[in-house]
Amino acid sequence: MWYGVLCGLAAGSMWGMVFVMPKWLAEFSPFELMFGRYVAYALISLVLLAPRLGGLLRRLTRADYLLLLRYALAGNVVYYLLLSCGVQMAGVSAASLIIGMLPLTISLLGRSDHGSVSLRVLAWPLALVAVGMVCINVEVFGGAAGQGAWTSVATGMLCAVGALASWTWYAVDNTRFLKRNPRFSSGDWSGLFGIASGLVALAMGLVVFGFGGAERVAAPPRDWLRFWLLITLVAAGASVIGNQLWNMACRRVPVTLSGQLLLFEILFGLLYGYLYQHRAPRPLEVLAIVLLIGGVAWSVWLHAERRPARRGIQSGIF
């Protein structure tokens, strides 16, 4: 289990980049960010899987293809499109408030899974998490009037809620699938997931860009070299490496614990946000970070304490 926790931490360090990328590339629309990221993810996945892609495709059933399509939409394309809208319209902290509820929503949805700890046992760790997320974002609502219209902030928050719902379903269902299907390694499933996401993004891009030609001609010049460099960095780090690490974690920890591990994404997102803004966290933010780390550590300890001894954990999944 502890190896799974470390994989979850490493995945969070990769995923934290997605919170600052919409700020790094603020001149590009959320759809352009989504399109570029997942097309790059698909191309990298194709290169990595090329030697064994034929065999993998022959192993896929019709149900697997449909599942990959649903996961590509819920876990990548729709999720990141909504998250980018939330970050650009409501800010990094406001989006963090919503996405930071993933441990709660995943624990609720996965509470009946084998190996999960009951919500009654997790009540105090989850309470620490909830208080920590509130502390991080207390200033968001107080400063909303100075940062932009309330309608923009509210719309961004609604987008983040949609992203939360989308990723909650994906995280729980993908974890269940990986536990039931050892025929796919974590790396192979991540690669297939990336190819499916890129195909969905490409299909959507053909429609959107095909009907938006006039707007593109009128758009001001933008730094496309910087766009593709950053997009490729995030695709390789957050999508390829991060998703592979997350799949490894999902195979080794209960669903309720996997929800808590997602807080590492929020913590690293905050860290990268502070570096981007060239500032240190404020006292209330420090308190929030301590509460979040405390809540996750407490949850890990409860799972380790109650988890029955298991032998023969599968090796070679990477």
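Glycine residues also receive a Cβ, built from the backbone N, Cα and C atoms like all the rest.
TrEMBL entries are annotated by machine, without manual review.
Within the domain 'EamA' (3-110), the DSSP-based counts of helix, strand and coil residues read 96 helix, 0 strand, 12 coil. Summarising the annotation, TrEMBL assigns domain 'EamA' to 3-110 (among others).
Under the heading transmembrane segment, TrEMBL lists 35-53 (among others).
Long-range contacts of the transmembrane segment (65-83) within the same chain, counting only residues at least 6 positions beyond its ends with a Cβ under 8 Å from a Cβ of the stretch, are 18, 30-31, 33-34, 37-38, 41, 95, 99, 159-160, 162-163, 166-167, 169-171, 173-174, 177, 192-193, 196-197, 199-201, 204, 239. Summarising the annotation, TrEMBL assigns transmembrane segment to 65-83 (among others).
Taken from TrEMBL, the feature transmembrane segment covers 89-109 (among others).
The transmembrane segment annotation in TrEMBL covers 121-142 (among others).
Same-chain residues lying 6+ beyond the ends of the transmembrane segment (148-170) with a Cβ under 8 Å from its Cβ atoms: 71, 74-75, 78-80, 82-83, 85-91, 94-95, 97-99, 101-102, 105-106, 109. What TrEMBL lists as transmembrane segment is 148-170 (among others).
Per-residue confidence over the domain 'EamA' (155-300) averages 85 (mean pLDDT, predicted model). Sequence annotations record features per position, and here TrEMBL assigns domain 'EamA' to 155-300 (among others).
The feature transmembrane segment is assigned by TrEMBL to 191-212 (among others).
Counting only same-chain residues 6+ beyond the ends of the transmembrane segment (224-241), those with a CB under 8 A from a CB of the stretch are 14-15, 17-18, 21, 24-25, 28, 32-33, 36-38, 40-41, 44-45, 48, 76, 190-191, 194, 197. Among the features that TrEMBL reports, transmembrane segment is placed at 224-241 (among others).
Under the heading transmembrane segment, TrEMBL lists 253-274 (among others). Residues 1, 4-5, 8-9, 11-13, 15-20, 23, 92-93, 96, 99-100, 102-107, 109-111, 113-117, 122, 125, 129, 133, 136, 171-172, 175-176, 280-281, 285, 289, 292-293, 295-296, 299-300, 303, 307 of the same chain sit 6 or more residues outside the transmembrane segment (253-274) yet have a Cβ under 8 Å from a Cβ within it.
Sequence annotations record features per position, and here TrEMBL assigns transmembrane segment to 286-304 (among others).
For the domain 'EamA' (155-300), residue counts in helix, strand and coil come to 125 helix, 0 strand, 21 coil, using DSSP.
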